[in-house]
Amino acid sequence: MKKWIKQYNQVLIFLSFFLLSVLSLYIVYLQNGHIMIGDDYHFHQNRIEGLAMSLQHGILLPKVSYFFIGGYGYASSLFYPDFYLYFPALLRVFGLSLATSFVLFAIGINLSTFALTYVSGRYMGLTKIKSYLFSLLYTLSIYRLQDFFNRQAIGELLAMGFFPLVLASLYLLKNGKEKKWFLLTVAMTGIGLAHFISLEIVSIFVGLYILLNLKYFLKKEVIIAIVKAAGVTILLLAFYLVPIFEQMSHVTFQVTSSPLTLISDRSYSVGELVSNSFENSVFHASSANIGVILLFGLVIYTAMLFKRNLPNREVVILALLFMFVTTNLFPWQLFDNTPLNTIQFPWRFLSIVTLLLAFLIANDDIGLFKRFPSSQIILIMVIFLGVGLYEKESIDTEGKRILSHHSYDQTNSYYIGAGHEYLPNEVDYSTIKKNKKRKVVYDDSKIEITDVKMNFDSVAFDYRTNDPKKTTVTVPFIYYYGYQAKIVRDGNEKIIPASLNKQNGLVDIQLSKKGSVAISYDTTWAQKISLSISVLTLLVCVIWKIATMCSIELKTKK
């Protein structure tokens, strides 16, 4: 039996992760055919549905999702990466319900996080048992469960799956394994494809980790490795980053003109943070926490800082630092009007605290598991008990958020996120919602419009102007840089750029004489070039990795 287990231990580990991925979601997503919804569920539900509809209409790489806002369109696919959402969106295309697609997606997120955390532990030299414990502590941590169940912050949740790989990459670079630099590229790219704010947060962590280990990183080989990792990451993410900066340079969005919140308003007192963590409190606006297991780990390893030869001292210091940053003791008011305000909530740094404490406890620098071998089993049981109790309390305290799978399938395209961040500043969203019946707006004394066709991603009509000057027509799409009008007149075709209506933030076009016109969004040159750069970089990376593997295999045979 032992021989069989040893032979198939990797398969058994994967199967256990799959089982845990399902069971850890059972109470909140599967029990009695109900789903507990979170703060952001409407928005991410609409993102999945919008991507599925785009795919059904043959738009493989959408920038504007026309499912949103009753057809007015919202550039969710431009500002929020869709990469991971293709899985649930394709399930929708194949006929599965939205609820079923989401649940399968959720299981996949759990499974990948379990696996990536386990692999990261192995990269850092943890034994299989310790890596397994690391995976349980991190994937089933209270903060991550809050992200998953109470907030349903899917982007942040996906990004957290790659955090352990970032830690493993830094560990390898610190220990002279600079040839493993590509692992950092994979981790940072994985985060960037999920959630830009998480990329900001983890970049801060990487910078501080390097500063605390400067003597290991101030080596030519390591510096070159970091530069390569950063450079390739930027190139791989160019298809996402460049279009964002392009839009920001042409349009003022509400994310900058009217930010959802000031970061200084969302920090906690130390007492609140400790109390909520000790109680494994269910998430509300002021109760994000790390949970009692990690809290005890923080206390124990903080006390161990006074030990002269404590391994991973910098990890303990960083855990304390990011815990401190979450509180109102940190002068966040100095950063209200800086790029750091885009992080919105200081408690997002608890994701880093969770990662570091999960690693410290699993690594067991204090030798607890050696002295008390049964303590590992006890800890695993406590983790499982904590997950069950947290889910039960979430159900008990948030009963209004429990929907049947059928009710979950009912969408409302007007949910675009609480801050309406990526609407042009000129858009009054309350006015948009009052005018749900979209129509082309024009001065009928200056232009005659006939045969209006409202298609999924375009508006077309015939026109004849009565004014020798150009006449403005407003088309019912939210404006983003890239909209254009294709005019056919006397058998000739002409393409002109659309403009932003300064009064309502919709699409304006200038027309003269007579003809037929179709208005739609077209990818810009910056988008095309950046996509080409990312695809080319990916191909080079794949060819390089295959060539490296073949070279190693040939050397081994010799």
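These residue numbers are counts, starting from 1, taken along the chain as shown.
Just so you know, glycine gets a Cβ as well, placed from its N, Cα and C.
Feature annotation from TrEMBL assigns transmembrane segment to 12-31, 84-109, 157-173, 185-210, 222-242, 282-303, 315-333, 345-362, 374-390, 529-552.
In this chain, the transmembrane segment (12-31) does not touch the transmembrane segment (157-173); fewer than three CB pairs sit within less than 8 A of each other, excluding pairs fewer than 6 residues apart.
Tertiary neighbourhood of the transmembrane segment (529-552): same-chain residues 61, 182, 185, 232, 235-243, 523, selected by CB-CB distance under 8 Å and a gap of 6+ residues from either end. The transmembrane segment (345-362) shares the most Cβ pairs under 8 Å with 315-333, out of the stretches 12-31, 185-210, 282-303, 315-333, 374-390. Highlighted: of the candidate stretches 282-303, 315-333, 374-390, 315-333 has the greatest count of Cβ pairs under 8 Å to the transmembrane segment (185-210).
When Cβ-Cβ distances below 8 Å are used as the criterion, the transmembrane segment (315-333) is approached by residues 205, 208-209, 212, 263-264, 267-270, 273, 288, 290, 298, 301-302, 304-305, 346-347, 349-350, 352-353, 356-357, 359-360 of the same chain, each at least six residues removed from its ends.
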